[in-house]
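Pulled from TrEMBL:
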type: DOMAIN; residues: 1-434; note: domain 'Major facilitator superfamily (MFS) profile'
type: TRANSMEM; residues: 55-73; note: transmembrane segment
type: TRANSMEM; residues: 85-104; note: transmembrane segment
type: TRANSMEM; residues: 110-130; note: transmembrane segment
type: TRANSMEM; residues: 151-172; note: transmembrane segment
type: TRANSMEM; residues: 192-211; note: transmembrane segment
type: TRANSMEM; residues: 255-276; note: transmembrane segment
type: TRANSMEM; residues: 282-300; note: transmembrane segment
type: TRANSMEM; residues: 312-330; note: transmembrane segment
type: TRANSMEM; residues: 336-354; note: transmembrane segment
type: TRANSMEM; residues: 382-402; note: transmembrane segment
type: TRANSMEM; residues: 408-426; note: transmembrane segment
Amino acid sequence: MTINAAPKINKRATLSWALWDWAEQPYPTLMQTFIFPVYLTGTVAAGIKNADQQLGWATAIAGLLLALIAPVLGRRSDENGRRKLWLLINTGILVIVTAASFFVEPKPEYFLMGLVLYGIGSVIQESAFINYYAMLKGVTTEKNIGRISGYAWGLGYVGGIILLLISLVGFVLPDNPWFGIGKENAIHVRTIFLFAAAWILVFTIPLLLWVPEIAKKAGAKKESILQSYAGLYNQLKTLRKQAPETFKFLISSAVYRDGLAGVFTFGAVLGTLSFGFDTQSIIFYGIGANIVAAIGAAIGGRLDDIVGSRTVILGSLIGLMVSASGVFFFRDYGQITYWVFGLLLTLFVGPAQASSRTFVARFTPVGREGEVFGLYQTTGRAISFLSGTMWALSIAAANYFLGGDKNTIYGIWGLMLILLVGTVLLSRVHPRPAVIDA
């Protein structure tokens with residue numbers, strides 16, 4: 001039986017699934033990018049040397065752990081029929097980790113605790129997405145799968161903007177923040193983490209109530225960890241024979257997508273440590289970045305239909321590297337540099353992400369779409385430690401050769417190197433590859 005014939009699929013289930021993208025948005029927006037890492041490196045770590053490097057190493061360790069477990073999680077999600085259960089378990093842990101961040105006080109002795117929570121949260125969020133993406137075909141039809149996926153993505157953008165506005169208006173700007181809290185001991189910033197946890201919990205309820213669980217595959221056998229990796233290897237081997245250009249694209253996209261992830265992870269930290277942005281300024285920047293990224297995604301989608309996915313991605317990657325170079329070379333002009341080139345950089349992120357997914361959809365063998373999208377997610381996580389590692393190594397090298405410990409700006413070069421390698425690999429992929437159907 002195909003997914004389309006499943007009688008339990010209805011609009012309420014579809015909307016409830018899409019709403020989880022809105023539900024989990026506090027984590028990437030507030031906890032991974034614009035508030036918690038800035039609070040951690042700029043306030044908690046005051047007086048600690050190389051806090052920016054340590055955040056990079058924490059990200060790298062989390063990425064390495066994720067790379068080790070992602071293939072197992074992905075294949076078992078397909079076989080055991082418990083995608084919803086594991087998504088809810090991961091979401092519950094994410095709520096706990098987010099709420100626990102409230103207890104990271106603005107004192108150096110809490111820095112390690114903050115790094116550990118940051119790393120755990122990163123692994124749990126990405127693990128949740130493995131099951132979330134796998135549920136997409138269970139709540140859509142062949143005719144609306146692209147539209148529903150895009151709708152959920154759009155909800156995430158809108159949710160990010162609203163969350164930043166609430167953080168700004170409710171907790172950062174007013175002398176008397178919401179709920180009668182003060183500003184002593186950074187309680188107004190830390191309360192944002194409790195608010196984020198509550199948001200995730202409340203907006204996950206529709207998925208809990210109305211999205212059906214899939215049935216276990218008939219005849220499915222429990223795989224060992226080694227069998228899971230062997231199965232992944234065989235999938236890639238078969239894909240390489242059947243659709244070699246799609247295989248090459250998966251490899252290239254794994255590299256440049258990790259560079260894109262690094263832009264989001266370390267962008268706000270760069271603004272704080274290299275350009276002197278305070279929490280208020282970073283939130284304003286975050287709002288602008290989300291709006292510009294959404295505009296870029298819309299423009300990129302139209303261009304994709306005209307010039308093709310690969311051309312849009314290559315143009316976006318070049319635009320990202322040019323913008324990042326502008327941030328570095330014009331840094332002496334102060335915060336205006338970060339506003340101009342930083343926002344220009346975010347313009348190219350959306351098209352690169354959206355057209356990557358479109359390329360996979362267009363040039364995948366018929367009947368193997370689900371498998372290839374699973375590989376797309378898995379390969380994207382296989383080197384998710386790379387951006388954190390290159391960020392930390394670039395800063396460490398700058399500190400060694402230039403002296404001092406205020407060289408955060410040099411972390412840009414590590415991210416640009418990843419994007420450059422991804423660009424070169426992508427340039428070797430045929431823009432309209434022939435595909436042998438399954």
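Here the Cβ of each residue, glycine as well, is placed from N, Cα and C on the backbone.
Those TrEMBL annotations? Automatic predictions, nothing curated.
Bear in mind that the values here come from a model prediction, so they are computed numbers and not experimental data.
Between the transmembrane segment (255-276) and the transmembrane segment (85-104) there are fewer than 3 Cβ pairs closer than 8 Å, counting only pairs 6 or more residues apart in sequence, which means the two stretches are not in contact. The average pLDDT computed for the domain 'Major facilitator superfamily (MFS) profile' (1-434) is 87.
The transmembrane segment (151-172) is in contact with the transmembrane segment (282-300), judged by 3+ CB-CB distances under 8 Å for residue pairs 6 or more apart in sequence. Sequence-distant neighbours of the transmembrane segment (85-104) (same chain, 6+ residues past either end, Cβ-Cβ under 8 Å): 20, 23-24, 26-27, 31, 36, 39-40, 44, 73, 77, 110, 113-114, 117, 120-121, 124-125, 127-128, 131-132, 135, 190-191, 193-194, 196-197, 200-201, 204, 207-208, 213.
The stretch in 110-130, 192-211, 312-330, 336-354 that contributes the largest number of Cβ pairs under 8 Å to the transmembrane segment (408-426) is 312-330.
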